[in-house]
There are 2 protein chains.
Amino acid sequence: MTNKPIILITNDDGIHAKGIKCLVEAMKEFGKIVVVSADESFSGMSHAITVKDPLYIQDLGEKDGVSYYVTNGTPVDCVKLALHTILDTHPDFIVSGINHGSNSSTSVHYSGTMGAAREGCVNGVPSIGFSLLSYDADADFSQSQKVVKCVFKDVLKNGLVKNTFLNVNIPDTNEVKGIKMCRQARGKWIEEFVERADPRGRNYYWLTGDFKNMEPESKDTDEYYLSNHYATVVPCTIDATDYASLNENKNYEL
Amino acid sequence: MTNKPIILITNDDGIHAKGIKCLVEAMKEFGKIVVVSADESFSGMSHAITVKDPLYIQDLGEKDGVSYYVTNGTPVDCVKLALHTILDTHPDFIVSGINHGSNSSTSVHYSGTMGAAREGCVNGVPSIGFSLLSYDADADFSQSQKVVKCVFKDVLKNGLVKNTFLNVNIPDTNEVKGIKMCRQARGKWIEEFVERADPRGRNYYWLTGDFKNMEPESKDTDEYYLSNHYATVVPCTIDATDYASLNENKNYEL
């Protein structure tokens, strides 16, 4: 059993979330699991790192063969702490989630779950983020667990291209029709701020909003397949360069 | 003067940073400037949004024709608050920075300065992030101001492709040789955590590290040009899909 892969699991909903427990359960058969997560939720933390505060790590010990560590850092901090402080060796895989809520389309940029997967990829570790399209703290992750196993088996067999990580989203349905690899839809959050006044008369604002698919006519996007009850796998790159707009002979007169 | 473009300026070093003051100074000639920034530094905050706390906005009034607002939010929050609450209309441009420190290569993913530019782009506003390769609070931004004007004049004349935003980095030199449009280098932070013990005997960790260009042999990257004293313009996309790895006929057996 010395060749068992080491699998780092993290998330952005915190170590007590149902999603990460269900992910550990689904992944257990594939290797030695090490969980490094925060003691609170870091939703919407994107690829943020903690530079102004010190980071703490608490070793919670082993339970049922799984090692647990809790930190006060963001999901990306958790990955960095795992790679550079907690683990003696680089993990073979990083798996993040299962997020309570969608990370499809441009939500990939706001997501702490996907930040952790991107950070794994930057460090050369094959990494996957999983998200269920339900914000319910007690959501049913049974279909998601099937998708996790299926996608991970494929990565285990075929590997992942260097500098590529996977953004996997799962529809909130009792019967996932299948799994489609596809591109990210163009979309954005139509924001509103709810305005309130505090007891001292100062106005304050709560961020709220709805996601809008900006290309509802397209039939090859994650949004399209998710709305048709398919799970989606978007291969993502850490190279943000827009090659279609890149003109290396561009003349700027300084 | 009713056709003067409205230019939203933000950053991640906070409203008191020298970098944002120098950016305002450089941009003033191009339109009506509205500054929305935080009262503290949000370095390393990436594309993070604030979902657990309410946001406050303080109207600091107008000075020399420039309107100033300070918030307690991240750079992306600042953009959202400006678009949906502070401004009556969408700005014509969003300009972020000038950051104290490089945002070249994969640092684009950690940067709050670039998070703000990406958020502008998601919302359909032509957006640019500027960064100087010096962390000095009192850095010399005179060369950067020339680059800002030159790049902005080009955007004003030629526009930006939809879904593309610009990541502009400026070398810390007295004489910038020119401005090159190029791709993002492959690179990563070689991290270390400095370990200390608090008075109660608990260990804590400070994140630190050095950036490493993973393709030092390449002569077409931002890292290459910056090290040769050129400013760099990387066109960036909000579509994270890795089209080279995308296989729409991929068969996952659920």
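The chain as shown is numbered from 1 upward.
Each residue, glycine too, has its Cβ placed from N, Cα and C.
Small disclaimer: the values here were computed from a predicted structure and weren't measured.
Annotation source TrEMBL lists divalent metal cation binding site at B:Asp12, B:Asp13, B:Ser43, B:Asn99. Contacts of B:Asn99 (divalent metal cation binding site) defined by a Cβ separation under 8 A and a same-chain sequence distance of 6+ are given as B:Asn11, B:Asp12, B:Asp13, B:Gly19, B:Ser111, B:Thr113, B:Gly129, B:Phe130, B:Ser131, B:Leu132, in order along the sequence.
Averaged over the domain 'Survival protein SurE-like phosphatase/nucleotidase' (B:7-189), the predicted model has a pLDDT of 96. Residues or ranges marked as domain 'Survival protein SurE-like phosphatase/nucleotidase' by TrEMBL: B:7-189.
Listed binding-site residues B:Asp12, B:Asp13, B:Asn99 compared with chain A at a CB cut-off under 8 A give none as close ones. Cβ crowding, taken as the number of other Cβ atoms within 10 Å, peaks at B:Asp12 among the binding-site residues B:Asp12, B:Asp13. Residues B:Asp12, B:Asp13, B:Ser43, B:Asn99 make up the record's divalent metal cation site, and a Cβ search at 8 Å around their centroid adds B:Asn11, B:Gly14, B:Ala17, B:Gly19, B:Ser41, B:Phe42, B:Pro75, B:Gly97, B:His100, B:Gly101, B:Ser111, B:Gly112, B:Thr113 from the same chain. Here the Cβ of B:Ser43 (divalent metal cation binding site) has 23 other Cβ atoms within 10 Å, regardless of which shown protein chain they belong to.
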